[in-house]
Amino acid sequence: MALQFTLNQDAPASAAVDCIVVGVFADKTLSPAAQALDSASQGRLTALVARGDVASKTGSTTLLHDLPGVTAPRVLVVGLGEAGKFGVAPYLKAVGDATRALKTGAVGTALLTLTELTVKARDAAWNIRQAVTVSDHAAYRYTATLGKKKVDETGLTTLAIAGDDARALAVGVATAEGVEFARELGNLPPNYCTPAYLADTAAAFAGKFRGAEAEILDEAQMEALGMGSLLSVARGSANRPRLIVLKWNGGGDARPYVLVGKGITFDTGGVNLKTQGGIEEMKYDMCGGANVIGTFVATVKAELPINLVVVVPAVENAIDGNAYRPSDVITSMSGKTIEVGNTDAEGRLILCDALTYAERFNPEALVDVATLTGACMVALGHQTAGLMSKHDDLANELLAAGEHVFDRAWRLPLWDEYQGLLDSTFADVYNIGGRWGGAITAGCFLSRFTENQRWAHLDIAGVASDEGKRGMATGRPVGLLTQWLLDRAA
């Protein structure tokens with residue numbers, strides 16, 4: 001964890017921490033904790049705000065030192081923007097801004113009082129849970145492969161959260177741990193995070209907790225199951241594939257929820273080789289797998305009273321003389337044959353076998369998560385995942401969960417009129433659908449392997465990682481999925 005978290009009910013003026021975090025609205029109205037500090041300092045905070053020494057616009061932070069009558073040597077004032085517009089997004093931004101302001105420097109411990117604020121259509125427990133997940137996300141530092149590069153070890157280590165709801169704190173910490181677990185896997189370079197490494201890491205986590213278990217299928221076992229589609233993608237790589245199966249048994253005899261995550265640990269594109277200007281980011285093509293593993297971590301840590309199964313086909317799409325080719329016809333585990341139109345449309349080829357495998361668990365609901373198409377990113381950008389399902393109830397559950405935690409998805413159609421774009425002369429289905437509607441035709445392809453399931457597909461190509469040299473894995477949609485499971489456990 002990037003941070004350690006505690007609950008704190010001390011009066012702000014007497015809290016024994018390095019820094020107190022309070023807020024101020026654009027109209028110069030102080031948050032309740034800020035009012036308490038203002039009273040303790042005999043109006044000092046009000047005076048500083050009035051003369052413009054403390055900014056109140058959204059995104060601003062002002063660090064004050066030695067406020068009279070306040071035990072903490074520092075007070076961080078966070079701008080909250082207009083009071084009438086204050087809601088979910090401004091609250092989450094304020095928490096993140098505060099954490100980033102204290103990420104480096106002399107402050108080791110802080111008390112976050114922003115949880116006392118009223119957020120429209122949310123309760124105090126939500127405030128605490130989201131404060132934990134957002135602040136841990138903001139404080140995250142990647143260090144796994146830095147070698148001799150110096151890491152700034154100063155800054156915030158412990159964040160006390162104003163409030164008394166221990167369960168809300170525990171769920172927030174569990175979710176944050178799941179997000180961070182997923183981000184760490186996603187950020188690792190592909191020479192580290194191979195299919196075997198991903199499998200070993202997931203199994204090692206499951207082995208630490210009663211009620212959790214892992215099964216790792218190797219190439220021979222997958223071949224015996226008839227997973228010809230998945231294994232075709234794996235043929236060109238020296239890093240052999242694994243099928244990761246994780247189980248959390250928290251719900252007695254109830255049917256499990258099943259998450260399937262695309263785990264392409266690096267995607268060259270295969271024979272249809274990717275070009276420079278994007279291939280260097282293809283280590284993130286396993287983020288669907290990383291994020292369903294992260295959701296498993298959150299579920300186990302929160303001890304949710306449900307049954308959960310996670311399935312991750314972990315494969316590297318590489319090139320050698322044995323690599324699969326465009327125009328190959330391969331046979332999936334379902335028995336359906338697939339004509340390969342493009343070897344860079346490999347995610348759906350590993351997912352179709354994993355989805356077929358998942359049927360054996362008799363899922364209450366089946367959701368796959370994948371960085372599946374650039375087309376989804378073109379359509380929706382980096383702000384939202386794409387959601388496809390023929391089951392309105394399931395789609396609405398996922399959409400509501402995403403809205404609740406601001407890890408949102410947007411529903412795209414999955415109409416039968418698109419299915420004809422996948423017709424093949426030489427096989428049951430073609431693995432690409434042409435230039436138009438690429439995200440939707442990818443979803444249509446997967447729908448052919450989930451016909452008897454209550455199923456939804458999340459295309460996370462736009463939200464799984466930040467772009468550019470300094471970009472990192474985001475851990476999305478661990479928040480959405482964890483909230484969805486929390487709702488099912490309620």
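Each Cβ is built from the backbone N, Cα and C atoms, and glycine gets one as well.
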Candidates Asp267, Asp423, Asp428, the one Swiss-Prot lists with Asp344, Glu346 as binding Mn(2+) 1:
Asp267
Per Swiss-Prot, what member of Asp218, Asp285, Asp320, Asp368 joins Lys262, Asp267, Glu346 in binding Mn(2+) 2 at one site?
Asp285
Pairwise CA distance, Asp344 (Mn(2+) 1 binding site) versus Lys274 (active site), rounded so that it is a whole Å:
8
For Lys262 (Mn(2+) 2 binding site), the number of other Cβ atoms found within 10 Å of its own Cβ:
31
Spatially speaking, which of the recorded positions Lys262, Asp267, Lys274, Asp285 is closest to Arg348 (active site)? Use C-alpha to C-alpha, please.
Lys262
Kindly assign Lys262 (Mn(2+) 2 binding site) to one of the three DSSP-derived states: helix, strand or coil.
coil
Mn(2+) 2 site shell beyond Lys262, Asp267, Asp285, Glu346, criterion: Cβ within 8 Å of Cβ centroid:
Ile264, Met282, Met286, Val315, Asn317, Gly347, Ile350, Ala370, Thr371
Shell list (Mn(2+) 1; ref centroid = CB of Asp267, Asp344, Glu346; cutoff 8 A):
Val233, Ile264, Thr268, Gly269, Gly270, Asn272, Lys274, Met282, Asp285, Asn317, Thr343, Ala345, Gly347
Write down the Cα-Cα distance for Lys274 (active site) and Lys262 (Mn(2+) 2 binding site), rounded and given in Å.
18
Roughly how many angstrom lie between the C-alpha atoms of Glu346 (Mn(2+) 2 binding site) and Lys274 (active site)?
12
